[in-house]
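Below is one structure, written out as structure tokens; comments come after it.
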Amino acid sequence: MDPSYDEIVRKFERYVFQTYTRQPLAIKRARGAVVTDISGKDYIDCVAGIAVNNVGHCHPAVVGAIKHQAGQLIHVSNLYYTEEQAVLAEELVNLTGMDRVFFCNSGAEAVEGALKLARKASGKKEFIAAEHAFHGRTRGALSVTHKEKYRKPFEPLSPAVFVPYNDTDAIRAAITKETAGVILEPIQGEGGVIVPSDDYLKEVREICDETDTLLILDEVQTGFGRTGKWFAKEHFGIRGDIMTVAKAMGGGFPMGAMLACEDIAVKFERGDHASTFGGNALSCAAALANIEVIKNEGLVERSRELGEYLINKLNALDKSYIREIRGKGLIVGMELSIKCDDIVNKARDRGVLLNCTSESVLRFIPPLTITKEQLDRVVEVLNGI
Ligand SMILES: *Cc1c(COP(=O)(O)O)cnc(C)c1O
């Protein structure tokens, strides 16, 4: 007999660190944009593991690649070469327009690598980050994450200055002789789906060039088609000196990467950075299959189209608590004049999973494979709340 919901929760409460606020839902399996709980109830998933399952849950091509690779070679360490890592590195470099890649296992780890590289390459220690930025929870990544509540217990962190997002004058004023780099999300995710003005990043790029400051673009959340481009930076026509990706990279398999331009990448020499699992054969096979699916199923274009479709439908809702709807592709934020918990709970009861970020922003980040009919249902459920 499978354990009951209560038994599962009891084990979590007894044995797992109490660091997450979990919803009262135990998930058993998932396919495409639908997850199923242990009692067999289905939910349309507008969370997608927090912008991870871009190709949908358990995509057969990703499952097949993982199964095949697991039977052949899972892990050997970076003491050796593998074909899977070689092929994926070339693919990623082509997709991102960067020159070299360092493989790791998560977003925070990618950011750690980026900050270390920027420090080594610049010979400086301080970073400029944006207000409401989220870059992860390890100590380096936390030092450029804005939320006071996350940072405070762990200070002193590495030196960082926070400036308002979407304000180029503030960045210009903040850059000093001590500045190693500027780190930005091209669209802020955890901060509440904040899309900057069209010329913001281009101007930041110019300021960084003028002042010889490194620009780090954190695309952990916005990568792999999420915003209607392969990477969000393409909306703004710029390239960072360093770039981070993770979340949707492995089709659900944990994976991350830090990429850099050649002149910066060469500043990391043998022994400067490492990760035991980084780019192992299994994760690379998953990522390669994931990228193939995004290409073959036209998911980047689909993300753009469905994002517009969803925003139009949400805009047609007549609810006094809706303040603003914004986004690009299938990262859409609905800012409310109230906290979103009540709506998240009611939607879940009615078979729709939604995520709340920054307390009052409902964030829609479904699989890019979601159908119009499923999005219609999501909006219908919201309309009934
Ligand atoms: C989620 C996220 C991270 C951290 O990724 P983890 O895999 O949770 O460590 C970093 N940067 C951005 C922009 C993110 O959205």
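The backbone N, Cα and C atoms fix where each Cβ goes, and this holds for glycine too.
TrEMBL: automatically predicted annotations, no manual curation.
Taken verbatim from TrEMBL:
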- GLY107, ALA108, PHE134, ASP218, GLU219, VAL220, GLN221, THR276: pyridoxal 5'-phosphate binding site (BINDING)
- ARG137, SER275: N(2)-acetyl-L-ornithine binding site (BINDING)
- LYS247: N6-(pyridoxal phosphate)lysine (MOD_RES)
- Note on the structure: Rounded Cα distance, in Å, between VAL220 (pyridoxal 5'-phosphate binding site) and ARG137 (N(2)-acetyl-L-ornithine binding site) is 13
- Item | Neighbours of GLN221 (pyridoxal 5'-phosphate binding site) among the recorded positions ARG137, LYS247, SER275 (Cα to Cα, within 10 Å) | LYS247
- For ASP218 (pyridoxal 5'-phosphate binding site), the three-state class that DSSP assigns: strand
- Message: Using Cβ atoms only, which residues of the same chain lie under 8 Å from PHE134 (pyridoxal 5'-phosphate binding site) while being at least 6 residues apart in sequence?
- Response: THR145, HIS146, LYS147, GLU185, GLN188, GLY189, GLU190, GLY191
- Considering only the recorded positions ARG137, LYS247, SER275, which residue has the minimal Cα-Cα separation from GLY107 (pyridoxal 5'-phosphate binding site)? LYS247
- Query: Just checking, which of ALA108, VAL220 (binding-site residues) has the fewest C-beta atoms within 10 Å of its C-beta?
  - Reply: ALA108
- Note on the structure: Closest by Cα to ARG137 (N(2)-acetyl-L-ornithine binding site), out of the recorded positions ALA108, ASP218, GLU219, LYS247, THR276, is ALA108
- Task: State which of the following binding-site residues has the fewest other Cβ atoms within 10 Å around its Cβ: GLN221, THR276.
- Result: THR276
